[in-house]
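Pulled from TrEMBL, these are the features on record:
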- E124: active site, proton donor (ACT_SITE)
- H122, C152, C155: Zn(2+) binding site (BINDING)
- 71-198: domain 'CMP/dCMP-type deaminase' (DOMAIN)
Amino acid sequence: MISYRTRMGRQVRFQCILFAWCLPQVSHVPDFEDSDDLESLIPDAVRCYLENPPPLTIGTLMFEPTITLQQIHEYWMMHAIDQAQRAFEQDEVPVGAVVVHEDRVIGEGYNQRESLNDPTAHAEMIAITQAAEELKSWRLLNCTLYVTLEPCPMCAGAIVQSRIPRLVYGTMDPKGGACNSLYQITDDARLNHRVNVTADVHQLECQTLLKEFFAIQRAKGKK
Ligand SMILES: [Zn+2]
């Protein structure tokens with residue numbers, strides 16, 4: 001068993017042998033006698049594994065990371081929840097978002113509609129703008145947007161416009177969601193970009209934060 005700490009800070013453990021299927025896809029073929037070389041293969045191998053789930057073994061070598069795509073989504077969703085928490089503390093509807101590019105957060109934001117008096121200051125819009133500045137491009141290729149609440153029509157439109165390939169959200173918004181609930185803007189064949197959407201990641205945590213917020217607001221007699 002090999003342990004490896006990814007750039008996300010997560011400790012990953014591997015079975016000690018690698019599948020031959022990944023060998024043509026990695027940057028170099030290591031000398032398997034040499035454990036240092038084997039370790040250097042692992043980041044590429046993880047990416048290959050996640051992007052191309054392994055077919056039947058075609059060789060004698062076996063690779064099996066103990067990390068799953070779902071665990072990666074949960075890890076980054078916790079960052080989005082941290083952002084939502086910041087909104088909560090500032091008396092804003094608690095929605096948070098992060099844009100991740102190659103295991104790195106390049107944009108983050110939380111709802112600031114009230115404090116900025118800006119109807120467009122949704123968490124996703126702020127995170128997307130920051131990410132585009134970081135990449136120096138309006139095309140957010142190879143990025144994943146994590147957001148605690150299903151995006152509204154405006155944000156779903158921004159996701160399509162920025163060509164983000166993958167969206168992961170926490171909880172559905174039956175009254176305003178535009179990626180599943182009311183509209184399916186991110187999966188509309190009439191538009192020139194479609195998004196791979198994953199729902200219900202840390203759903204309970206995201207939903208509870210919103211419920212708590214609105215319960216407090218009702219108690220205050222505000223909303
Ligand atoms: Zn929005």
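For all residues, glycine too, the Cβ spot is worked out from N, Cα and C.
Curation does not apply to TrEMBL; its annotations are automatic.
Sequence-distant neighbours of C155 (Zn(2+) binding site): residues of the same chain at least 6 apart with a C-beta under 8 Å from its C-beta are H122, E124, M125, V147, A178. It is C152, among the recorded positions H122, E124, C152, whose Cβ has the fewest other Cβ atoms within 10 Å in the structure shown.
For the Zn(2+) site, the Cβ centre of H122, C152, C155 serves as reference, and the other residues of the chain with Cβ at most 8 Å from it are A123, E124, M125, P151, P153, M154, A156, A158, A178. As a summary of secondary structure, the domain 'CMP/dCMP-type deaminase' (71-198) carries 48 helix, 28 strand, 52 coil according to DSSP.
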